[in-house]
Amino acid sequence: MAVVKEVLEIAEKIKNMEIRGAGKIARSAAYALQLQAEKSKATNVDEFWKEMKQAAKILFETRPTAVSLPNALRYVMHRGKIAYSSGADLEQLRFVIINAAKEFIHNSEKALERIGEFGAKRIEDGDVIMTHCHSKAAISVMKTAWEQGKDIKVIVTETRPKWQGKITAKELASYGIPVIYVVDSAARHYMKMTDKVVMGADSITVNGAVINKIGTALIALTAKEHRVWTMIAAETYKFHPETMLGQLVEIEMRDPTEVIPEDELKTWPKNIEVWNPAFDVTPPEYVDVIITERGIIPPYAAIDILREEFGWALKYTEPWED
């Protein structure tokens, strides 16, 4: 029983943030399961299913906050579990896993297009938009609005300590969109010239709270103070089913050396601690709308999305744990 090296490589890249962004993480996880199914040397269906569960568990343990990862695994593995429990043979189960992974990736990519279409309707000609971190869903909204001929400008925060704002700024600029790049702490200063805030999400809870890159909550709060609309762009697979049962979302704490270089940190007094949370929680009252591939909803409607999309998931143990 063996997990193929490509799965281990993808898991490591997710863990060390070479693969970043909730959507890309989810698609990469689904693709890893596809590779495991395609490359498995298992000689019988039981051995194959054990390998699939082991691969899914390794992927699951890489990042604790972004719910897109376990939701992608659930999508693929739940379909595999049904086939396995129904008596599928090795090749039948392999086919189900591969097809489920491809289907998830396809649906995820189409969701970005739909989010762009819905979100662009809320962007007006001449808008100055502020964004934070790097979200393909948020970028889709701005890119679609620009392609529709709307004259927009985007303020991009740098997003310390991993500088995801640089990725966003360069991507938006590559589409021809005018970009203003600012330090995170300048967000409030420039909010007075901002018309809309558009950001992504790593997870959305049952009450509509948004878990996203650290700094998101401060920008949303500042926007509320200035009466600027905050719009969160997120695929439905970023909604967190376990929060329906009262589970809290774990906020990932990352290595202090992402903030202070290791050599410098060694010279600091021992009574200084460096804390590096990767995410924060934006209360639903700071969010005006959530843009999904199913349409634009208010935060309090998150529970409806969860019931419809993931109600089934609450009835079963995780398909990689049984």
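Including glycine, each Cβ sits where the backbone N, Cα and C put it.
Proximity of Lys136 (substrate binding site) to non-local residues of its own chain (separation of 6 or more, Cβ distance below 8 Å) is seen for Gly21, Gly23, Lys24, Leu112, Gly200, given in sequence order. Classification of Lys136 (substrate binding site) by DSSP places it within a helix. The annotation substrate binding site is assigned in Swiss-Prot to Arg20, Gly21, Ala22, Gly23, Arg63, Ser135, Lys136, Ala137, Asn212, Lys213, Lys238.
Positions annotated as active site, proton acceptor by Swiss-Prot: Cys133. Other Cβ atoms within 10 Å of the Cβ of Cys133 (active site, proton acceptor), summed over all protein chains shown, number 27.
All protein chains considered, the CB of Asp202 (active site, proton donor) has 28 other CB atoms within 10 Å. Annotated active site, proton donor per Swiss-Prot: Asp202, in sequence order.
Here Swiss-Prot flags Arg227 as site 'Plays a key role in hexamerization'. Look at Arg227 (site 'Plays a key role in hexamerization'): DSSP puts it in coil.
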| task | Would you identify the secondary structure of Asn212 (substrate binding site) according to DSSP, in three states? | result | strand
| note | Same-chain residues at least 6 positions away from Arg63 (substrate binding site) with a Cβ under 8 Å from its Cβ, in sequence order, are Ile14, Lys15, Ile25, Leu69, Glu252
| field | Inter-residue Cα distance where the pair is Cys133 (active site, proton acceptor) and Arg20 (substrate binding site), in Å | value | 11
| note | Of all C-alpha pairs drawn from the substrate-binding set Arg20, Gly21, Ala22, Gly23, Arg63, Ser135, Lys136, Ala137, Asn212, Lys213, Lys238, the farthest apart lie at a distance in Å of 20
| task | Measure from the CA atom of Lys238 (substrate binding site) to the CA atom of Cys133 (active site, proton acceptor) and give the result in Å, rounded to a whole number. | result | 16
| note | CB contacts under 8 angstroms to Lys238 (substrate binding site), restricted to the same chain and 6+ apart in sequence, sorted by sequence, are Ala22, Gly23, Ala66, Val67, Ser68, Asn71, Ala201, Asp202, Ser203, Ile204
| Do you know offhand how many angstrom separate Asn212 (substrate binding site) and Arg227 (site 'Plays a key role in hexamerization') by C-alpha? | 21
